[in-house]
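Trainee: Got a structure for you, questions after.
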């Protein structure tokens, strides 16, 4: 049984912010100033599993990371928008490209730049450590922090609600 108060059977796609959602909100830096994001392997497993099950997956971020672009490619995330000013414009592009409507999407965000897009999707989700403004608009607040299982939480609950978790194709990497 899902703890998410939304009809998860409507969901066909997942959209994630990068920093503070897919990666932890604390990002170590190299001496050259390059961010070294850490990623949760269980989140990664859920992402690639959802991709193999045919869900639309996207990352929309104000940040930039060649390493994250490569990780997204490896996990089967076809829509990656980085260094964006307007996440809402990227959402419109995603909807045009996929034919989905906003009610079919979950968006997970953690900070002020996510507010506008969160209010434009079916189910806005916040990690446990999101800022209060984001939690105020979230339809669901995960018990997991960004980079520490929030991605797995929403994907697993959604796929379980649809009878598509841990069965059929896509079990392995």
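Positions of Cβ are set from backbone N, Cα and C atoms, glycine also.
Note: TrEMBL annotation is automatic and uncurated.
Remember, it's a predicted structure, so these values are computed and weren't measured experimentally.
The Mg(2+) binding site annotation in TrEMBL covers 17, 110. The feature substrate binding site is assigned by TrEMBL to 19.
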Trainee: Take the C-alpha atoms of the residue listed as 'substrate binding site' and residue 110 (Mg(2+) binding site) and report the distance between them in angstrom, rounded.
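Mentor: Here the two Cα atoms are 8 Å apart.
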Trainee: Could you check the binding-site residues 19, 110 and say which one's CB has the fewest neighbouring CB atoms inside 10 Å?
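Mentor: Lowest Cβ count within 10 Å among the binding-site residues (19, 110) is 19.
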Trainee: DSSP on residue 17 (Mg(2+) binding site), three-state: which is it?
Mentor: coil
Trainee: Looking at Cβ-Cβ distances, which residues of the chain lie under 8 angstroms from residue 17 (Mg(2+) binding site) while being 6 or more apart from it?
Mentor: 59, 60, 61, 108, 109, 110, 111, 113, 114
